[in-house]
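Copied from TrEMBL, the annotated features are:
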type     : residues  : note
DISULFID : 934-961   : disulfide bond
DOMAIN   : 33-183    : domain 'F5/8 type C'
DOMAIN   : 189-370   : domain 'Laminin G'
DOMAIN   : 375-550   : domain 'Laminin G'
DOMAIN   : 552-589   : domain 'EGF-like'
DOMAIN   : 588-640   : domain 'Fibrinogen C-terminal'
DOMAIN   : 797-961   : domain 'Laminin G'
DOMAIN   : 962-1000  : domain 'EGF-like'
DOMAIN   : 1020-1224 : domain 'Laminin G'
SIGNAL   : 1-29      : signal peptide
């Protein structure tokens, strides 16, 4: 049974890094680490060490191909200058090769301009040199004398080198002189036969290991096999093995008996490792931190579970698993191949085995030389074929071979039979056989298909036998794969077989024409094909094939598809599928989500649940949060799974109860929010009955909480770090003044200690440990609220560059294979460099090249590349613009303002690593073409650069940036004013009839019978009025008391008529009234003097008291009155010539009912004023003021009286009766007042402004088109009265 080990706590990163650094130099076995590996290796060799494909003449022999030598004809030249030539060097023994240099043939027109490098231990089974994920083509010479040297990015160990000229002098022929640089190499080698296992016994029976360094090199032609294994009786183990030619490392540092701590960790790396070439492996472990390196590609990971030690019993075995009778080893093959330089924690295992210090008894014949395999692979490209002879005029076809490829389609074999054709093809990853025979005017056809997914890069074996009335196809020698045909068939062989391609014209051409991949172990007529004879040209023929070499590349290893993107490949390229990852781009690098709620708000989004990705392209994945956009703040809420008032019982100081608080995001994700937030808070509450909280005799609290970083905290909500108190102890109002928490009084009555935790470096709460609920009568209930954070400092982190020579500098940008850069800028300058980072020749730069052009340029070693986007409008308009640039191994992309985008594919072959060394400069390029303006939210590979902090200490650069309203003011709707803030902006909705962060939320009220809203206009009535009132009346003087313009807009819904909707009185007899008549129709009444009776307009004869929303938009300019009802076209009216056009001495505006001491039209009182308007009014505006909103807002701050709720003596707005704020179910008109066939509403053809509610959030999917107010369902009619403002009294918006 597994014993439980206590957790060791967090491991410090620094010791891990230092420890790995100290061991890094010793993990490559016998590779030299101290001396410089740069000796000339080729020049000292005898002439016989050089061989070639052919020789032009004796003076051009390969032995003369030594750098700077002039012997013979001054170098090597082949008989023919074509792609089948090669120059080979035997270094005499395996050497470490670090560089290669070439020259042309001395004093000639012969040189090589491009070549490939192959290497081998045996002069067989060649491997091409790889760099940047491709078979590398080296650039050669441009004349006969200059030497061109290339350092090998990936050092190689080999005895034989072969140079393959690809391009040569146009003026002459192939010519070569070479030098190879490197140093000696030696290593102990052990040959594993698939049976023997080396056992490394520990000095003590059981080893408790906290750190390991395991290093070895191996080569094999097998795809399966255990390389090393160790295990312990506690369940710990470590295994390194080949699975499907990939390297699998499995580690388990321990699981507990309950299964709640599962330590198994499995990591896979590499591919195609059965290529019979050497591969280097290093495993470095310190506690749970592991570096797993294969051929210099390192994966960093942390083991699962909570334990740090690897407990192994007795031994560690190399080459397989010793028989233990345990099921874990059943079915796993031992390793078959060679290993060298095996080191375990400083012990040289191969040397110990040579000196017989280890148990090697399981070997039949232990050999310290590597037994070479005798396979002869053939490499095909899209233009290749291999032609082999076979028996002619025979009645049986019997062929077999092995192949490997990434392509789902390809021609594997084709043969013209004496009277038909035979084709073996790969179709959708399956092997298909098609035999067509025509004899005596009779046609026979046999189709066979077997296997699936055979384009997986693994070796697969095919065997086909076809004879009279029988055909059988077998894949990988498996009986279950065999398919047979007994259809009528008669075969007579043609004697020639084409493998990998067929390009001749034939009566029955194959369905596929070519193949990209490798073949080996070819059998024709049950006999192995003599490919050596083919290479010498004595048997068969070939075109564009590479013999004795398989140059397959796994383009998905290492996997360039990030964030869980799935890699798919063909022979030539790879692609990434990013579906479901939350990322996009050629390599799934760029997040599709915004980094924060703040960013969503400033895209004009309203409150809702959103996916955010705080570190963009960084390692944190996207997660869902609730965003609450208030008028002046943006709140991000992360929920947890602890139910409110969770009951806690049975805990004591010796056996505390631990309540785990899990969130809808990981701790790292939540930390990303709290780190960038301006402020965070989390409510915590402890309800208690005889359950003490903090106070104990020895000072250690009964209960504490654990926050970020697994740190314990002994303060409670409402208090702060270092203060072991609750909120009541801080405020000195605890129920028992002797204690600092209510619960510490230990009384039988229910008490509570609650408050906000606001020290964001400690948040969120991850655990609460409770320790006093085990006594009789003790009981507690715990509540931990959601984490709420406000603001995003990263989003507004900005710097202003005030001089052309000013810039900020940061550490070198690390973006070798994948880099993304995003930022906002605003400027009035015509040009300027945003940022630049340099290397030796590599660089990366983003620049405003002209007022309409943004440039992204870089060089990764293939020459400069520049991407340019052209804007249709000038970018130096002092508004914010967003730039996003990305460069990876597949493509480069530049995007401006989500509108303009350009991209460039990376070259099929070339350098892929961006190597920089200078500091990153922001705002200039080496002091030239400096940027003038602001840069904000600069993020590079998911990390936001702190521009503000660096700007504080940099001359010519200021932290922050003003002028956000230039870019974001458009989001302030309905007349809302954009107000600048240091870190953003807000929309001031004071002077509008709307609310919300963007002034889009309707403000309305439900009127009961007798409710009225009153708004006084006269200056003497509003001395000391609020800011919005002063703005509206600042032009009201004794000389400007008459209105010639009105603009009225409001919406309503009601089921009662008659009613007064709006009434505007004056100190004279002038008035304006909007009423609903007895039949529910709408009437507008104007009395401006000069007429015996008021001028009335019956706007519509329909019954508008139908419970539906209606809107009125009414304007008057002198005599002309324009009224629009709902979505119908506006209708114009004219006051009679006898009517006055001035609305004199405007006094008071009433909504819902009129209660006036001065003159009132008796018709209004008698017909419409009783019982008053019952229903909803909203969006009420009159000449730029919002009387209903003003009454509602000021009422919140007032001390109401039983009759009239007057907010303040100086306030112009008041109301009587019961007024309940409501948006009145604001929504577009859902039930048209006429049939859809006659509905004339087309917003694109009218001036109607139909107010959609953009702030509405319906999280539960329930229809909120109607509101329940006071138990009554209030349907909403939208009325917008647009009355033009008077000339000189109220300011028109």
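Cβ coordinates come from backbone N, Cα and C, glycine included.
Keep in mind that TrEMBL annotations are predicted by a computer and have not been checked by a curator.
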Chain-internal residues, separated by at least six, CB under 8 A from residue 961 (disulfide bond): 798, 799, 800, 826, 934, 936
Across the domain 'EGF-like' (552-589), average pLDDT on the 0 to 100 scale: 91
Interface-richest range of 189-370, 552-589, 797-961, 962-1000, 1020-1224 toward the domain 'F5/8 type C' (33-183), CB pairs under 8 Å: 797-961
Cβ-Cβ under 8 Å with the domain 'EGF-like' (552-589): same-chain residues at least 6 beyond its ends: 130, 133-135, 246, 269-272, 275, 297, 379, 404-407, 457, 516-518, 611, 613, 617, 621-622, 817-818, 820, 886, 888-891, 893, 908
Helix-strand-coil residue split for the domain 'EGF-like' (552-589), DSSP-based: 0 helix, 10 strand, 28 coil
Packing count at residue 934 (disulfide bond) (other Cβ atoms within 10 Å of its Cβ): 22
DSSP-derived helix, strand and coil totals, residue by residue, for the domain 'EGF-like' (962-1000): 7 helix, 12 strand, 20 coil
